Amino acid sequence: MDAGARYMRLTGKENWVEVTMDGEKERKREGFTAGQQGKYNPQVSKNIGNRNTNDCFAYKGIFLWRISLTMWILLGINMCVSAEDYITLISDPYGFSPIKNVSGVPVTCVTKEFAKWGCQPLGAYPDPEIEYRNVSQEVVKEVYQENWPWNTYHWPLWQMENVRYWLKENMQENQQRKNNTKEGIEELLAGTIRGRFCVPYPFALLKCTKWCWYTAAINNESGKAGKIKINCTEARAVSCTEDMPLASIQRAYWDEKDRESMAFMNIKACDSNLRCQKRPGGCMEGYPIPVGAEIIPESMKYLRGAKSQYGGIKDKNGELKLPLTLRVWVKLANVSEWVNGTPPDWQDRINGSKGINGTLWGELNSMHHLGFALSQNGKWCNYTGEIKLGQETFQYHYKPNWNCTGNWTQYPVWQVIRNLDMVEHMTGECVQRPQRHNITVGNGTITGNCSTTNWDGCNCSRSGNYLYNSSEGGLLLILCRQNSTLTRILGTNTNWTTMWGIYKNCSGCENATLDNTGEGTLGGVANKNCSLPHKNESNKWTCAPRQRDGKTDSLYIAGGKKFWTRIKAQFSCESNIGQLDGMLHQQILLQKYQVIKVRAYTYGVIEMPENYAKTRIINRKKRELSHKRKKRGVGLVIMLVIMAIVAAAGASLGVANAIQQSYTKAAVQTLANATAAQQDVLEATYAMVQHVAKGVRILEARVARVEAITDRIMLYQELDCWHYHQYCITSTKTEVAKYINWTRFKDNCTWQQWERGLQGYDTNLTILLKESAAMTQLAEEQARRIPEVWESLKDVFDWSGWFSWLKYIPIIVVGLLGCILIRAVICVCQPLVEIYRTLSTPTYQRVTVIMETRADVAGENQDFGDGLEESDNSETSERVTVQKAWSRAWELWQNSPWKEPWKRGLLRLLVLPLTMGIWINGWLGEHHKNKKRKGGLETWHKKGTDIGLGQIPVDHLWCYKKSKSL
C-alpha cells in the first residue's frame, strides 16, 4: 500500500513527487515540453473532508432540534396561568359576624357563691385578661365601618328586675325589722357582690381597647353635629366581661375597683385639629349616648316609671318612655378642682341659682347615696329611710357598714352632661342663652366671613348678642363675650327680609328697630314687646313675651329649627353628679363590648394555579444547578418515548379524573351546606333547651311557693290559730326564697304562653331538621354518584381493551431501546470501518520517469543487464515480517491527524487488525510483485530486440513507489 496515499487520506494534505534528470534544460531548448507536476487528487473530496462524514449524527441533531422546539412550545402553553378549583376548609374572612339584636343572646353571670346568686362558678368561663384573641384593625373597620354602635343590653335590666322583685316580695317581712338588714342583702344592694357576664359558644364579646369619637351629619343651618360616632381602632375577642357589680341601688360614688373602667369611658376626639381642641376647656370627653337610644326597651316598659331618676338621662318630657332627643355624655367626673363638693366658681352664681358657666347643675346640696343623704363637704350623712332602684323608691330598712361621713370626692363619680346645642366639635364650653329682648343688630361689631360651620373666620369687638347675615344665606346670632371672645353661633335659613317683614307685622312694632340701646351688660332693644319674633303656643307670630300675674315670661333662643320657637332652657348644658344605679352603671360599662357570633372556619371553593407547586419545585431545582450540563439526545428520545406511552395510557384516565373531581367538589360543597344546616339545628335545639329550662325553673319557683304556703298552713294548724285571728304571731322562722327570681320571663310566666313558645320552637326545629335531612340525603346521593360515574366512563371507553394493550408496553419499550442501542453501535463503528478501509486498501499511482541517456561509444553491444536486477534483488531481500508490520501500524497510529482523546482511543483498537493487514498485504504483494517482474522483463527484452535501446531516449516503466515510512 502506498504510504503517501495513506497520509493524504488521513491528513487531507497533498503529497506529490517530481523526478527530473539533469538534461531537462537542454530538452526545453530543443522544444520539448517540460514535464507537468504530478499533482495528487485525493480520493475523498476536500468538502467532505472538511466536515463530519458521519451522516448518522447529522440527522439525529436535526431530529432532536425539532423535538426540542415542540417541547418548548408545549411548555410555554402549560406555563400560562390557569386556575383550578379546590374545595377546602378555609378561614372565615372576618372570623365573626356582629349581632344586632342582643336581647336573644344567652348570658350568664360568674361570681363567688354562685349558687346563692344564681350564677356560674368562677372557673366555668376563662378569664378575659388571660384568654383573648386580638382582632386586626382592618377587620374591625370593615365590619363596623368606624361606627361602634350603642346597644341597650338586657342583662343589667334583668339583674335590676330580680332585686326589684325581691324587694316587693319581702316588703312586709322587712317592715317588721327595725335595726337589722336581712343577711346577704346588704352586700347585694351596696354593689359589693361582683362578677362577670359571660356568653357561651358560638357567641363571644368583642371588647374595644382603644377608641375615639368624631362628628358626622353636621347641619349647615344650625351647625349641630347630628351624630357623633365612635371609631374603635383596637379590639379583642373574649368570652366574659370585666369584673363589675352585679347589682346596686342608686349611689353617688363607686368603689376604687371601678375607676379604671370608668376612666376608659372618657373617650377623646379623633381629630386633633378640631376647633374645640384650641379652646381653654378642650373638646368634650366621655361616652356619647346617641340620639334615639332607648334606656329601657319596650319589652320592659313596666320599669320606666313616671319621671326619670337619672338626672340628665331623659327624653324631651323628662321621662324614659321615648328615645332620647338630645345627646347625653356620661364620663368620669374630674373633681380635683372642686371645692367642698361643688364645681369651680360655684360661689359666684347669681341669686342662689343652680347654673354656673353655662351649665345647670342638679342636686348638689344633698346627694342620695345608698339610701342616705350626703352633704357637699362630707361632714354629715342622714338616713332617708328609703332606697332608690331604677325609677322607683322603696321604703326599706338598710344599714350599710361603710362610713357615710367620708369625703365622697375621693372616689370615682359619674357625671352626666346633657348637651342642648350639640356643637361639641366647635367648643366644649357651655353658655348661658340670651333672651330675645337682648338680641340686637351689630352695627360694625362683627367682621369676617361668619357661618355656623366656620367660627374661626368671624371676629367681634364688643360683648353682646348680634344678628348678622350669614355668608351662606340666612341669619346668624353671634354671642360675643369679654369684647372679643366668640362663644356661640346660632343660625337659621330664614333671611333678613323675611324676618323683617314678620317683625313689622307685630303689634306696635311698625316703627321699632332692633338697635342696641346699651342697657345692661349685654344691651338690648328699647321696647321688650318688640323683640326678635317667635311663635307662641298657638303657633302664631309675636314679638312680645307672655305676661301672667304681673310676671314676664323668659324667652330664650336656640339654633336651627328652634330659632323661632319659644325656648325655656336658659343654659346650653345640664349636668348632674351621681344619681345612677347599678343597672345604668353596667349599661355604660358594657358599651365597650359588642356581641358577635364566632365562625372560625367554613367550607369554600378557592382557585389555585395549576402549576403553582410545580413551578416552585422547578425553580428550586434550577437554583440548585451550578453548571449547565449537556443532555444526551438518546436520553431525551427515551424520555419522550416513555412520556408518549404514559400520555397515551393516561389520557382517558385524566378525563375520568377530571369528571370524578368535578362530582367530588359538588359533593363536598353539598356536604358543607348540610353541615351548616345541622349547625342551625343545633342552635335551634339550644334555644329550645333554654326555653324548657326556663319553664322548669318557673315550675321550681312555683312549687317552692306552694310548699311555703303549705308549710305555713301546717304551722298555723299546729299552733291552733286557724280561723281565730287574722294574723298569727310565732317565733318559728320559715326560710323561703332560697331560689332564683325568674320573673324576667314575665311574658312567658303562664303555662299556656310557655307551651305556645315551646310549640313555636318545636315547629322551627322540625323545619330545620327536614332541611338538614334533605341536605344530608342530597350529599349522600352525590357522594354515591362518584363510583357510578367511574364505572360508566369505563364502559364508554372500553377499558378492558386499553388494559389488555398495556401488557405489550414492556415488549415495545425493550424493542425501542434495542433499536436505539443498535443504531448507536452502528454510528460508533461506522467511522472505524471507514478508517480501516482507508488504511488497508492499496492505492496505485502512475509516475512518469524521464531519463536522458548518452550514446554508447565504448561498447554498444555490451549487455549491462536490464537495470532492474539490483533493484529486484534488493526488493527480494526486504521481506515484510510481523515485527515490521506492527512498527508500521504503530507509526501510522502515532502520526494520525485525529488528536481528540476519544478518537485516538478508538483508533488504538485498530492497531492489531492493521498490523495483520500490513503483514498479509506484504506477503501477498511480494508474490504479486514477482509475477509482475517476470512479465516486465519479457516485454523489455522484446522491445529491445525490435527497436533497440539506442533509438529510444525515453523508457516508460511501471513500478511500485515506496514511501520512506515503509
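Using the three backbone atoms N, Cα and C, a Cβ is placed for every residue, glycine included.
Here the candidates are Asn340, Asn382, Asn748, and Swiss-Prot annotates Asn382 as N-linked glycosylation site.
Candidates Asn505, Asn764 were compared with Swiss-Prot; the annotation N-linked glycosylation site appears at Asn505. Of the candidates Asn443, Asn673, Swiss-Prot marks one as N-linked glycosylation site, and that one is Asn443. Asn134 (N-linked glycosylation site) is 53 Å away from Asn469 (N-linked glycosylation site) when you measure Cα to Cα.
For the glycosylation sites given as Asn101, Asn231, Asn449, Asn469, Asn536, the lowest number of other CB atoms within 10 Å of the residue's CB is seen at Asn101. Neighbour count (other Cβ atoms within 10 Å of the Cβ, all protein chains): 15 for Asn459 (N-linked glycosylation site). Among the glycosylation sites listed here, namely Asn101, Asn231, Asn459, Asn231 has its C-alpha nearest to that of Asn134 (N-linked glycosylation site).
Considering only the glycosylation sites Asn101, Asn351, Asn443, the residue whose Cα is spatially closest to the Cα of Asn459 (N-linked glycosylation site) is Asn443. The Cβ neighbour count for Asn443 (N-linked glycosylation site), using a 10 Å radius over every protein chain in view, is 10.
Reported as a whole number, the C-alpha separation between Asn231 (N-linked glycosylation site) and Asn101 (N-linked glycosylation site) equals 21 Å. Across the coiled coil (756-791), the model assigns an average pLDDT of 75. With the fewest other C-beta atoms within 10 Å around its C-beta, Asn351 stands out among the glycosylation sites Asn134, Asn351, Asn438. DSSP assigns Asn438 (N-linked glycosylation site) to a helix. Checked against Asn536 (N-linked glycosylation site) by C-alpha proximity, the glycosylation sites Asn101, Asn351, Asn438, Asn449 yield Asn438 as the nearest.
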